[in-house]
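Okay, structure first, notes after.
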Amino acid sequence: MHAEFRTDRGRIRHHNEDNGGVFENKDNQPIVIVADGMGGHRAGDVASEMAVRLLSDAWKETTALLTAEEIETWLRKEIQEVNKQIVLYAESEMDLNGMGTTLVAAIMAKSQVVIANVGDSRGYLLQNNTLRQLTEDHSLVHELLRTGEISKEDAMNHPRKNILLRALGVEGKVEVDTFVVPFQTTDTLLLCSDGLTNMVPETEMEDILKSKRSLSEKADVFITKANSYGGEDNITVLLVERNLMQKGRDAS
């Protein structure tokens, strides 16, 4: 597997509340994670850092999970535990009240990939030169779009597009979505925060992934492109290919 991770403050925000990286368990099986924190007074970066650290620490203590069913069970259980720990920590620190974070994570299983998500950080797959979104946003705007109350055009600039219906650290229990999809050697997996998807149209995202650039160059282009469109939020990108037994960079 080859993975490339990038995170950038963007052009507007004063600090970066995104987090993520590539982490391995005892049998060198990787998990890839992206989290986008929320909350005032830097509480968002506390929440996203906790989510990534707690989930990756739990993963580092496991041995290989070979089936999609095993991975789904593990992700649901551990993300629930991460949520519980963030809630407890926020309750113990007054200045962290109201903090939370999105989370999207993926683990490879033979010829498949298992993805889990909470919030509006997304997972995409480029397969057969076509980009498709694997995850569903847990947001007010997505719900309005799903029920036909607004159009896709309305959704792009909706004044309440940042309101989440699900996030880690908000309630004692959280519903976690999981998806199992084929993952071939010619495919590319993309995990990202909304700082990318709110800035760069999906047609351009697809073109970048289809280009002849290296995986590292593609990750850099995503950051550059989001900033060129305004960089209104923190931008995080994690790209994965399974055709190279090579590990990319972790979060710094």
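Here the Cβ of each residue, glycine as well, is placed from N, Cα and C on the backbone.
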Look at the Mn(2+) 2 binding annotation in Swiss-Prot, where Asp36, Asp194 are given, and name the residue from Asp95, Asp154, Asp233 listed for that site too. Asp233
Within the same chain, and leaving aside Asp36, Asp194, Asp233, name every residue whose CB is within 8 angstroms of the centroid of the CB atoms belonging to the recorded Mn(2+) 2 site, in sequence order. Asp18, Thr102, Asp120, Ser121, Ser193, Gly195, Leu196, Thr197, Asn198, Asn234, Ile235, Thr236
Mind checking how the compositional bias 'Basic and acidic residues' (1-18) divides into helix, strand and coil residues in DSSP? 0 helix, 8 strand, 10 coil
Tell me the Cα distance separating Asp36 (Mn(2+) 1 binding site) from Asp233 (Mn(2+) 2 binding site), rounded to the nearest angstrom. 10
Using DSSP and collapsing to three states, where does Gly37 (Mn(2+) 1 binding site) fall: helix, strand or coil? strand
